[in-house]
Amino acid sequence: MAANMYRVGDYVYFENSSSNPYLVRRIEELNKTANGNVEAKVVCLFRRRDISSSLNSLADSNAREFEEESKQPGVSEQQRHQLKHRELFLSRQFESLPATHIRGKCSVTLLNETDILSQYLEKEDCFFYSLVFDPVQKTLLADQGEIRVGCKYQAEIPDRLVEGESDNRNQQKMEMKVWDPDNPLTDRQIDQFLVVARAVGTFARALDCSSSIRQPSLHMSAAAASRDITLFHAMDTLQRNGYDLAKAMSTLVPQGGPVLCRDEMEEWSASEAMLFEEALEKYGKDFNDIRQDFLPWKSLASIVQFYYMWKTTDRYIQQKRLKAAEADSKLKQVYIPTYTKPNPNQIISVGSKPGMNGAGFQKGLTCESCHTTQSAQWYAWGPPNMQCRLCASCWIYWKKYGGLKTPTQLEGATRGTTEPHSRGHLSRPEAQSLSPYTTSANRAKLLAKNRQTFLLQTTKLTRLARRMCRDLLQPRRAARRPYAPINANAIKAECSIRLPKAAKTPLKIHPLVRLPLATIVKDLVAQAPLKPKTPRGTKTPINRNQLSQNRGLGGIMVKRAYETMAGAGVPFSANGRPLASGIRSSSQPAAKRQKLNPADAPNPVVFVATKDTRALRKALTHLEMRRAARRPNLPLKVKPTLIAVRPPVPLPAPSHPASTNEPIVLED
């Protein structure tokens, strides 16, 4: 009974999907809906698999610092892997979930420097947290403050003075006297002066337009003038005027008008006060977060002062009473029976008895976590095409802690690695490529990428390094191995060392004499080999009446034999390949063209035309151009004398038909 009773403040497991791990949440409120169901307002806690890899590395560095400072005992790699499943990240994100999705209780504690990490592995359903995750900003912050110890943060305590020894320090620089208790005024005179100061403050608010809007009544103005800011200013005025009441009175009411003193309660507008109440409802008394997210234009001191003044108002008292009444009306606890429905991921073997799970388990397939071959129940785990499964104990571990007991390749790490990554960070193709059950052919398909055209633009220092550090760079060898890495930092350092010495002997540049394109084209045309003539024998006479002979068969059979010989009975598809047997091309549309594999697509070729090539085009007739396009592998014979710019052919003048007065008739 007590195990199924859940109260406000409990850490519980929530199940949002049958194939995903449980969600760890803290119950903040239990509300009853109009339908009679119970909803739980919970605080979200995140696992390592829920955050990015960069934040995981940040959490790893924080864990290493904690182990060094607290001098944790050494743990094995498997224990370190399981400790990452016990670490959670607190957040300030709230959500509402049905109470019927609760699957059990757990314990979450703040990591203390006196804790031993290995103790968390000995306890069931036990987690810890030390960092706070912000789902919006994607940041990790420490949840607790730090004690600054050292001479940099502590004050230096001077030695005690001997009796009769004077203090040679300048007291005016160290402190300022704001009130003298041995003043000549009596307590009655001081109280009368404070009453006058309140009256001056009330009169000043009546003259001020903005104050008259905020405090429309005399009672509200008098209450605002009676706050501590007015009394502190009056007492400071007495101290500065040597406790002379006449001088102090004239200071309160100068020539320009009475002095108006305002505190944070009057400086803040109504909208800013509403923002503060909303932030206080969300963050509590975390003034740094309130200032950062809601009131960035206010100083931290201003927010703290407003908070303690706001607690003295009637609005705070009313809200406190309303919250107490709501807390009394809300549910304090809820009873959720144990969830007994079977999980959809259970594997029911073919031929097994009803109610038995895993009876006919296939040989050769083991648990992905503990590699056992026998279990009372088996559960499908991972992508469906992988056919991975877990035993009953490993499935419960996966649901509670969001990982496997041992790091596997499907989780994103090789067995024995020190830092396995969560499988939740991998897509399905990546998980398949890392799985031991994926064939090499499938991996090759996954690694295939589309070819992209790129431009490599080098700097002057890189071009110098090619010549000065040729022995280290080995450009010819590197060109044959474009995927082998090159230590650019070492070559850059060596180039900077050799650069001062090489400046004395400048490099000799041998310019290449490049012939014009027209000359190269003429040489290619002259050197083009002649097309070899194929030997042609005597033509075999064809007996045209041979096909029409009967040869002992009927007319219909002769026609079919002729169609078979001529090839008319073999239909061809749109891409030139014969259709498969059983497909009729006459009654069905043409077959779909085959698509090229992106990895087999040819590289783009760009042909830049010049004046000479354009002249060659003009020297050819339209028929020769089409013949050359059909046979691009054969050389093209062009007479050099024909390479000349032909005079432009005058266009014939358009002939306009003579206008007639006869009507134009359009026939359908």
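Even glycines carry a Cβ here, placed using N, Cα and C.
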Where Swiss-Prot places region 'Disordered' among the ranges 61-89, 409-437: 409-437
Range among 160-179, 580-599 that Swiss-Prot annotates as region 'Disordered': 580-599
From 255-282, 367-394, 479-506, 619-646, the residue range that Swiss-Prot assigns the feature zinc finger: 367-394
Segment-level pLDDT (mean, integer) for the domain 'SANT' (263-315): 89
Recorded positions near Lys522 (N6-acetyllysine), in sequence order, restricted to Ser52, Ser54, Lys492, Lys508 and a 10 Å Cα cut-off: none
For the recorded positions Lys152, Lys460, Lys492, Lys508, the one whose C-beta sees the most other C-beta atoms within 10 angstroms: Lys492
Cα distance (Å, whole number) from Lys460 (N6-acetyllysine) to Lys492 (SUMO2 cross-link): 12
